[in-house]
Every structure is written in structure tokens, then in C-alpha cells.
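Residues or ranges marked as Zn(2+) binding site in Swiss-Prot: C111, H114, C182.
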Amino acid sequence: MPSLSKEAALVHEALVARGLETPLRPPVHEMDNETRKSLIAGHMTEIMQLLNLDLADDSLMETPHRIAKMYVDEIFSGLDYANFPKITLIENKMKVDEMVTVRDITLTSTCEHHFVTIDGKATVAYIPKDSVIGLSKINRIVQFFAQRPQVQERLTQQILIALQTLLGTNNVAVSIDAVHYCVKARGIRDATSATTTTSLGGLFKSSQNTRHEFLRAVRHHN
């Protein structure tokens, strides 16, 4: 893995140790993003031709390149820890020891089984120990892990482990409520169902009062 920020390396190592890292094979060789996009575009051209689409049409001719750019630079950019957000931690000088909650964090991810959209919102809470984190960094961590092929259960746990690792405390909780387009747009084609996943650590798991306070915040969000 190329040189990473200390925070990115710590989070990656923590996820690997817990068996929660996204399934990735070791690269056969290092590849720059432009080469990667060119190869993906070539394979996408073959797929579209197998579907009998006419890539000479001006509406379709750039589609393989658009998809390749979207995969590498956007919706799968979270596969590259070089894109892990810069983290700002602040000493907890005020000795904050109550729950900090961020609600309605929008996320868009991709189902790793069918490569279609997962669209949802996250609620994240933590009880500070020695440090507090810049609030926007929580949103960025959620979005980083969402920008991968995902299953919602793993996504929820990855966000939890990342924040526990960075904040030096187990007292973190994450809940995600999302619509899966592999359910909405294909198969059963259920347009109204949603999936909720929750991952609790520390006091959020062991203390009934703390857990209920978090779940009340989640219900308020819904």
C-alpha cells in the first residue's frame, strides 16, 4: 500500500485485524488512476457491445469513459486510502463527557452484489474521551466508506471501528437507514422498504440508558 496518512493506516489496520475490511485482492502491480480508467473503459466498451449497443452513436460513445471516471474518481474512490479524509482532533479541554450526535448524514453507496445504488442517511454518536473530532470529519468518514462496493452491515461497522480507532474510545454508535436499489429497481421491486443497521460500542452497548438515548436520537431522525 502506498504511503498513507497515519490516521488512514491506523484505520485500515484496525479493520483488517477485525476482519471488517472490504474484500480486496493484492494488486498485481502498482497502477496509476489514468491507466486504471483506460482499462475499465475498454472492458466497459466490450460489455456495451455485448448488449448490442451502438457506441458510434454520439449519446453512447463517451459512456465507457464516463463510467470509468465515475468508478475511479467518485463512487469507488473510498477503495483508495490515499483519499481518506484529513482528520482534525482537538484536545478535550472542556472535559465533555456527554453524547455528541450527528444526525441526517446523507450517504450514497453501491451494492457490491449488483453494483446498483444504496441511498440513505446515517446517525453517528460518540462520548468524548481525551479528544473531540471536527464535526464535518464524521460526515467525511461516513462518505469515504460509502464510496465503495458495500453491504450495509459492513459499512456500519467500518464507520464504528474507524471512529473508535481515531478517537481512542469504544464509546461510539452508528445507525444507517437506507434504500437498496437492488431491492427497489430489480428482483422483488419493492419501492417502499428500507433497511436499518446499527453498530454499538462501549457504553452504547453496555449501558441501557446510553443505548436508549442514542436510539431516541435515531427515532427522531426517522
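Every residue gets a Cβ built from N, Cα and C, even glycine.
For C111 (Zn(2+) binding site), the Cβ neighbour count at a 10 Å cut-off comes to 18, with all displayed protein chains included. In sequence order, T110, E112, H113, F115, V116, I118, H180, Y181, V183, R186 are the same-chain residues whose CB sits within 8 A of the CB centroid of C111, H114, C182, the residues recorded for Zn(2+) being left out.
Secondary structure from DSSP puts H114 (Zn(2+) binding site) in coil.
In sequence order, C182, R186 make up the list of same-chain residues 6 or more apart from H114 (Zn(2+) binding site) whose Cβ falls under 8 Å from its Cβ. All protein chains considered, the CB of C182 (Zn(2+) binding site) has 17 other CB atoms within 10 Å.
DSSP gives C182 (Zn(2+) binding site) a helix state.
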